Amino acid sequence: MRRVVRQSKFRHVFGQAVKNDQCYDDIRVSRVTWDSSFCAVNPRFVAIIIEASGGGAFLVLPLHKTGRIDKSYPTVCGHTGPVLDIDWCPHNDQVIASGSEDCTVMVWQIPENGLTLSLTEPVVILEGHSKRVGIVAWHPTARNVLLSAGCDNTIIIWNVGTGEALLNLDDIHSDMIYNVSWNRNGSLICTASKDKKVRVIDPRKQEIVAEKEKAHEGARPMRAIFLADGNVFTTGFSRMSERQLALWNPKNMEEPIALHEMDTSNGVLLPFYDPDTSIIYLCGKGDSSIRYFEITDESPYVHYLNTFSSKEPQRGMGYMPKRGLDVNKCEIARFFKLHERKCEPIIMTVPRKSDLFQDDLYPDTAGPEAALEAEEWFEGRNADPLLISLKHGYIPGKNRDLKVVKKNILDSKPTANKKCDLISVPRKTADAAGVQNEAKLDEILKEIKSIKDTICNQDERISKLEQQMAKIAA
């Protein structure tokens, strides 16, 4: 019988590492033995957890700051223990959360053009875990909602706008949590745990919706993520230590929809999922390859597409959101691969002959606007992500600054939970002094801008005069 090759526009996804001068060099990538990706990226910045003496730190580099990174380059270094996980806020490209061995979660505001001085003061410190915090994950559609999970087997969901822990799931897991993933609209989470169980949890009701014991029989760490259609995709190990991937329907977790064995490597597989194209990229820690699969409704459901291979093994991996990609080059994914001393972008493209916008590759994707406020989500509302078109590329707008309610900071000690508000909502209680200060600030900013413009003009004039002088001298 002749085997018919399955049609797929992603069969020929072409992966390519960028040239050396477009890498980020001389970075001391963290050596912590923790299975997180150590890297987080968005359309403005790349953040990388690094080795730091006497505490924990991570670098935040503007995407264009390629080449060799100076050893004295400023870092984000407020934690007293190594940083284990970082995650950019999906609704504000200047806000990043970090979890650390010092049992705290910190939320940071990065200046618009990147760091010029090391950042030691977070906007808010979230204290509630009794052991190290290894997972932080922002809610996909509600503003200011952040999830953290620690080695105390507890998941806490915070309202970052007030610095309060609003949900505390401390009696659901009996063993270490390997990873946590929100579903598309943020109504459910799924977790993979050391007790070999995959759980689907309704965090607001604090109850388990679905559970599978021994999803993968091996003892090594598992991963579980939600797909756009509500199914759960897992990676793990068989009893014979072969790496496996599986697809589950939460409505019936008895048997997997699909189960594939891959190889016998011992690196944990980190899955990265693109809901727009239904492609899953698997990056194994210590591997030198990225495998990708397409998820469809027809058997065998998980279709192997191809493998991108390179020489160097990866220590970690960052994954760019869809709105940060170059649609003119038919780029469908961009990874930031961590080596021992550098970060190397890898670009995945689908070659097309036409220069026109390929709308089959770029359906509307999740934009940076939040669909809900934190309070609405905690009250029980759900909303899908607000979608944007990438037809003309994504143009980042101006992000709102994190606004801090001053009186709470003055009332409390520096280590206490600082109340903050990630959204600049005009408050009725704002007094006249605040308004005056803002007006004064605007005035100063305008003056700085006009001085900068003058300097630019003078620079241009000087360079023209120097050129004229050079011609005369010649």
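Just so it is clear, glycine is given a Cβ too, placed from its N, Cα and C backbone atoms.
Remember, predicted model here, so these are calculated numbers, not experimental data.
Features of the protein shown, as given by TrEMBL:
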- 3-67: domain 'DUF1899' (DOMAIN)
- 76-118: repeat 'WD' (REPEAT)
- 126-168: repeat 'WD' (REPEAT)
- 170-211: repeat 'WD' (REPEAT)
*asked:* If I take every residue in the domain 'DUF1899' (3-67) and average their pLDDT values, what number comes out?
replied: 89
_DSSP-wise, what's the residue breakdown of the repeat 'WD' (170-211) into helix, strand and coil?_
0 helix, 21 strand, 21 coil
*With DSSP as the yardstick, break the repeat 'WD' (126-168) down into helix, strand and coil residue counts.*
0 helix, 25 strand, 18 coil
*Do you know the DSSP helix, strand and coil residue counts for the repeat 'WD' (76-118)?*
0 helix, 22 strand, 21 coil
